Amino acid sequence: MSAVIEGHHDDHHHGPAKGITRWLYTTNHKDIGSLYLWFSFIMLFIGGAMAMVIRAELFEPGSQIVSPEFYNQMVTNHGLIMVFGVIMPAFVGLANWLIPMQIGAPDMALPRLNNLSFWILPAAFGVLLATFFMEGGAPNFGWTFYAPLSTEYAPPTVTYFIFAVHIMGASSIMGSINVITTILNMRAPGMTLMKMPLFVWSWLITAYLLIAVMPVLAGAVTMMLMDIHFGTSFFKAGGGGDPVLFQHIFWFFGHPEVYIMILPAFGIVSHIIETFSRKPIFGYDSMVYAIASIALLSFVVWAHHMFTVGMPIAGELFFMYSTMLIAIPTGVKVFNWLSTMFKGSLTFETPMLFAIAFVALFTIGGLSGLMLAIAPADFQYHDTYFVVAHFHYVLVPGALFSIIAAVYYWLPKWTGYMYDEFMGKTHFWLSFVSVNLTFFPMHFVGLAGMPRRIPDYAMQFADYNMIVSVGAFLFGLSQLLFLYVVLKAIFYGKKATGQVWEGAQGLEWTLDSPPAYHTFETPPNLEAGEAKG
Amino acid sequence: MSSIKKSVSKLFLATIGMFLFGFALVPIYDVFCEITGLNGKVTGPTFSEYEDIGNREIKITFTTTNNNGMPWFFDSDRSQMKVKTGEQNLMSYVFTNTTEKPMIAQAIPSVSPGKGAQYFHKTECFCFEQQYLEPGESISIPLKFVIDPDLPADISSLALGYTLFDITKDQMTKQASN
């Protein structure tokens, strides 16, 4: 470990370089963390703008604002950007900022690789967004890009899409290799695996999931590329291939992928709840085992996304029961969060509000997932707005709320300035009300049979859709307030202390706010009896 | 430093391994479908003769579908027949190229219910064979099949569907890339 630190001797007591090259050439985990977070913030507004177009079109039945073709492009790119451009980079950004500080390491294990894995991301999304200005328009086959929609019937820009997915995948894989290598090799002396902060644990497991499934996604898009351009027939029924095979390969990636987007959230929320309950997390060990078992189970449930393709009954039963099994470790986690709060000295600062909302609303999303897991019932729910309601509940008030909570929680640490608590709480209540206004009625229209991915709908869904659209516009505007709160904190915030929060535990809070450009060049000694995070 | 190198090389190998595993899923899936009859997948011609011709009568329905944009005429002689398990049966299909240009087509079979697929043995068929026809040309191709006497008792009827695909363009790309 000491060898790693010696490698940094040259720039030991230097601050960051000046100008744009600081950001282009940086190998500093804090700089790269900020880059990831700002990138994700920008993509949030781009993907969000697409959601606004979708909701404007669905405000009333009938076709009014955009053509159905453009609507499909909006739906597809909204999904792709939110998944690969917002949630995933935001978590990687948090990992960059926090993992070295939480385990007492001077930086990530592979700083140059870190720089590369960030800087290819804007290239990937540049390629993806450029397809809007090309002949045939942007990808229009849904974020799940099922063959043959994405092969035989795809616009010519699908090749750019495939290239973009390859780059995003490479970025994620490099990021994961970096995270695992850092965690396994660079922990401060005395920090055993079972003393690691839960955010670090959740990211360690997430990184393994990424390494297991991102290459499979790369394989899937490579097969698409070969089907389109080189005359192979992986997914072409006419040549002896099988389009259903695509769905199996896609969801073999896709289901672990949805846990990639939620496991780091579990870690974040655990830290915030223990801080504002002023109690250590209840059942630390069971939290770790729960994350690990959720991750393992995620590999054997993928076909629950495709109950309606015509599986043998044994297959339906297997995937139904294995899916339901996931409710057990997830239930353990929710129980532990509630038990941590039980009889704690609770205060309700903005990060805590978002964390509590996460627990409540993520559980709603989990329960609708349990309903969808029931194979016979799924034939009714499949491809309706019920599914849209389900995954937005786990991804927006789930993953996104956890990221917002993390930003409020660690922003004073990163920048050295407190955000405006009143504005933060306003942002929370606006987001909380509007997110439910947006996604809750989707359950009702979904159960009543409104199909997803359609730019028009039957008259009986009109009222609910209008409510949903109003909620969505409000939610979109609330996030502009979030941007304002963050900027105000950076430029006009009050100085924050090193500890920031009264109940905050963990190595990052022993540093100054903001931390020096290089921290923990000498690893902290945990054997002296410092508590785990 | 060497411990970091070790971690990185292990993880890099795992990445390569999972990329290959993605491709390995293709044959794994085919084998899995064959065993379970998933998707009503059927194998190519197999030779099987049964000594005991059963007395169970099974209703076979023949369906033909043209895939999107395929202009050919494609149909079976009859749409239904009753057969005895273990007995050799014959059915023929007519293909006509109704267009002005030569085309290559391929018919892909599927048996429903999928559970019965592995008991539907074709002893002679045109499955997975490419069919080239000149403009206006017509051809009749026989299909010989046997229903396995081991067919589960709860299946009393089977449907054999063929979907005809236009693969002219794919064949061109393949030749071009060769």
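Just so it is clear, glycine is given a Cβ too, placed from its N, Cα and C backbone atoms.
The average pLDDT computed over the domain 'Cytochrome oxidase subunit I profile' (A:23-527) stands at 95. Residues or ranges marked as domain 'Cytochrome oxidase subunit I profile' in TrEMBL: A:23-527.
Within its own chain, the transmembrane segment (A:35-58) is flanked in space by residues 23, 26, 64-66, 71, 74-75, 77-78, 81-82, 85-87, 89-90, 92-94, 96-97, 118, 121-122, 125, 129, 403, 407, 455, 457, 465, 468-469, 472-473, 476, 479, 483, which lie at least six positions past its ends and keep a Cβ under 8 Å from the stretch. The transmembrane segment annotation in TrEMBL covers A:35-58 (among others).
Residues annotated as transmembrane segment in TrEMBL: A:78-99 (among others). Remote same-chain partners of the transmembrane segment (A:78-99), defined as residues 6 or more beyond its termini with a Cβ less than 8 Å from a stretch Cβ, comprise 29-30, 32-37, 39-41, 43-44, 46-47, 50-51, 54, 105, 108, 114, 117, 121, 124-125, 128, 139, 142-144, 165, 168, 172, 175, 179, 182-183, 199-200, 203, 206, 257, 260-261, 264-265, 268, 395, 399-400, 403, 406, 410, 414, 508.
According to TrEMBL, the transmembrane segment annotation covers A:119-138 (among others).
Per TrEMBL, transmembrane segment is recorded for A:158-186 (among others).
According to TrEMBL, the feature transmembrane segment maps to A:198-226 (among others). Outside the transmembrane segment (A:198-226), and at least 6 residues removed from its termini, the chain residues within Cβ reach (under 8 Å) are 91, 94-95, 98-99, 102-103, 145, 147, 150-151, 158-159, 162, 165-166, 169-170, 172-173, 175-177, 179-180, 183, 232, 234-235, 246, 249-250, 252-253, 256-257, 259-260, 263-268, 270-271, 281, 284, 287-288, 291-292, 295, 298-299, 533.
Marked as transmembrane segment by TrEMBL: A:258-276 (among others).
Packing against the transmembrane segment (A:288-307) from elsewhere in the chain are residues 194, 198, 201-202, 205-206, 208-209, 212, 244, 247-248, 251-252, 254-256, 258-259, 263, 266-267, 315-316, 319-320, 322-323, 325-326, 329-330, 332-333, 336, 372-373, 375, 378-379, 382: each is 6 or more residues past its ends and has a CB under 8 Å from a CB in it. Summarising the annotation, TrEMBL assigns transmembrane segment to A:288-307 (among others).
What TrEMBL lists as transmembrane segment is A:319-339 (among others). Same-chain neighbours of the transmembrane segment (A:319-339): 266, 269-270, 273, 281-283, 286-287, 289-291, 293-294, 297-298, 300-304, 307, 311, 359, 363, 366, 369-370, 373-375, counting only residues six or more beyond its ends whose CB sits under 8 Å from a CB of the stretch.
The transmembrane segment annotation in TrEMBL covers A:351-375 (among others).
Non-local neighbours of the transmembrane segment (A:387-411) in the same chain are 37, 40, 82, 86-87, 90-91, 94, 97-98, 258, 261-262, 264-265, 268-269, 271-272, 275, 349-352, 354-355, 357-358, 361-362, 364-366, 368-369, 371-372, 381, 417, 419, 424, 431-432, 435-436, 438-440, 442-443, 446, 452, 475, 482, 486, 489, 501, 508; each lies 6+ residues outside the stretch with a CB under 8 Å from one of its CB atoms. The transmembrane segment annotation in TrEMBL covers A:387-411 (among others).
Annotation comment: TrEMBL describes A:427-446 (among others) as transmembrane segment.
Taken from TrEMBL, the feature transmembrane segment covers A:466-487 (among others).
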